[in-house]
């Protein structure tokens, strides 16, 4: 039993090391776009902080969602944040599962490159929208009489640049149309819809998106219009941007293997590495284009030294 556990642990460690080698090489090629996407998350937070200085509290606008859904109240307002945190963490963990599990459909670096492209595009549209018109915030800390509803003019530029994280993010006002929480949630679920493999989890994920939408309205963190606009804007952005981006190589088709091989493994059959039958020698190891005519991501990483048998 001890020998079996040690052997399996050795296999797992070997796979993690091999996968890390490939992902690091991809990261060295794509780091500029990834860094730009991460830095824009700060720009988005800075913009949300800036609009808080412009916010003026007022009567809560008439809203159909507020009429239909009872208020959760301050004591239960954490429910929407808890669900969002669960979705966020679950997605991040899932994107790194190719480091552990054998069933790998994507490369983590390339996947996050697409996710950040979706997020940045949606966040740019969001910034333009909530700076165009400032609505009185429906959240409890944004209403008339709350000390957090208005921000006094900043004494220094550093007060703005530091964003007062995380308090400035959690208690912001004015950045309403459209919901940032829904941007992340819809981008994550759309990504899993395309690259995930469990149909049941896809169904559950979309149900969680609907519940998240209702909880945000019930917690009075956004008006219903913020949620409605997010639903069609984010889905349209993901649809059109995904069409423009080059398709990622499908790792499950056996058409491309980017994992580096040891000297011993190079002498073995390629199909044995992929779990196929040793007698199947007619595998084309060249990178193939997708059925929609798009070329795969350009990936310059270590490839197995295998001579393809092309008929």
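Quick reminder: no glycine exception, Cβ is built from N, Cα and C everywhere.
Predicted, not measured: the structure shown is a model, and the values here were computed from it.
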| Looking at the ranges 33-51, 52-70, 147-165, 223-241, which is given as transmembrane segment in TrEMBL? | 223-241
| said: Checking feature assignment: transmembrane segment per TrEMBL, candidates 6-26, 111-131. Which range matches? | reply: 111-131
| Near the transmembrane segment (78-99), which residues from the same chain, at least 6 beyond its ends, have a CB less than 8 A from one of its CBs? | 15-16, 19-20, 23, 72, 105-108, 111-112, 115, 181, 184-185, 188-189, 191-192, 196, 205, 208, 211-212, 215-216, 218-219, 221, 251
| Can you tell me how the residues of the domain 'Sphingomyelin synthase-like' (172-240) break down into helix, strand and coil by DSSP? | 53 helix, 0 strand, 16 coil
| message | Looking at the domain 'Sphingomyelin synthase-like' (172-240) alone, can you tell me the average pLDDT? | response | 95
| query | Mind checking which residues reach the transmembrane segment (168-188)? Cβ under 8 Å, same chain, six or more beyond either end. | reply | 44-45, 47-49, 51-52, 54-55, 57, 80, 84, 87-88, 91, 115, 118-119, 122-123, 126, 129-130, 133-135, 137, 139, 141-142, 148-149, 208-209, 212-213, 216, 221-223, 225-227, 229-231, 233-235, 238
